[in-house]
């Protein structure tokens, strides 16, 4: 096992965990456009992974290299094991809250978007970490002392009066605690997330069918009402300039032969081509007031739905990655209860599954980079210190826009 999980490779893994999750946290803190509700939840997830990389994984590596001869006292052993459960629980509860957020954002985007504010995010994240601490606290409250097993040293050069003792640090072996911790930390939240993502899949599938079925009907009805309004505005505009009247009727004539799905796009093109910016300023009639209220609401819902569906892809990949990484360990964690004694094969398999779970902390930043363009740009700017240049360019761009208004 030491050949598989060498100190060099494991140190690289720990470094990537720390650097990657620091980049995630800095991206949300530094860049204002990244301070969305979902990204704040992802920052909490990155915080849990960062703490795993800072505290849990280095001690696990040290314990592995010393053949599980714990070099510290029992208090630190208990803190280390409890922290492992705490951060793992916080990770899956963060994913659980994110899945609920995705479900509400997909099913009712307009209504839910009004409730996604800073206070709601703080309340949810505070609840996640409080529940995580409650889940891992019973061994500390009820003084469960089987975190560490003290065995005599095999070194026979010492007399019985000065016998060395070796501390083997691990998780408590009690039946009740193992069932409680595995259910509360992993299996119950996992089942909850599976049910939520199944509902999301049903909603998305139903919404896709409705969009494909009703797109022609909605586009045809709304385009006729919008076309009447556009025609009215251009009759007024004709008083301002006669030379565009022929273009107006040409647009209307072309619209009659167009497909229903392209009607609204064509109407928008006619509208913007025929009206210069100065005339819009004179009439004081914004474009979004031209269409009916139902069409405006339908368009906003569709835009929000497409945006939330895109974010859902990244969250779903995070969920499946977490499940694949941690499910083998927790299954073996419970399977050990059926064994009268542990053998070498079980011990090696347990170590492999444990580090497979730890590797999930490095997968999350990689997933952000692969499937989220915003995080990818932020990571690149942070690594190359481009965020300083970006702030200057944003200030220049904003000044340029103000001068053009």
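Easy rule for this one: first residue shown is 1, then count along the chain.
Glycine residues also receive a Cβ, built from the backbone N, Cα and C atoms like all the rest.
Ranges compared are 272-291, 352-371, and TrEMBL records transmembrane segment for 352-371. For the transmembrane segment (79-100), the list of distant contacts is 38, 41-42, 44-45, 48-49, 51-52, 55-56, 59-60, 124-125, 128-129, 131-133, 135-137, 139-140, 147, 169-172, 181, 184-186, 189-190, 192-193, 196-197, 200, 315, 318-319, 322, 326, 357, 360-361: same-chain residues at least six beyond its ends, Cβ to Cβ under 8 Å. Against the transmembrane segment (41-59), stretch 12-29 has more CB pairs under 8 A than any other of 12-29, 121-142, 183-204.
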